[in-house]
Amino acid sequence: MLKMGVVLFIFLVLFPLATLQLDADQPVERYAENKQLLNTDERREIILSALRTRVCCPFGGCHELCQCCEG
């Protein structure tokens, strides 16, 4: 009787929990699908616009978020 209870518990509780897709996984998948739909010109435009928005580092402290500007 105990073995039957364990088998029922596994199939009725644990197996459905293991096969459920988590809601947290779905936005990441949608984001990846949306990125794949971009053509190469759109990707290039996004990258170039991001590179143009860099600013000079204050007080000469250069790091990856800004460019070292002399003058």
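Easy rule for this one: first residue shown is 1, then count along the chain.
Any Cβ shown, glycine's included, is placed from N, Cα and C.
With a 10 A radius on its CB, C56 (disulfide bond) counts 12 other CB atoms from all the protein chains. Residues annotated as disulfide bond in Swiss-Prot, with similarity to another entry given as evidence: C56-C68 (among others).
The disulfide bond feature in Swiss-Prot is assigned to C57-C66 (among others).
Neighbours of C62 (disulfide bond), defined as other CB atoms within 10 A of its CB across all chains, total 12. Under the heading disulfide bond, Swiss-Prot lists C62-C69 (among others).
Here Swiss-Prot flags E70 as glutamic acid 1-amide.
Annotation source Swiss-Prot lists signal peptide at 1-24.
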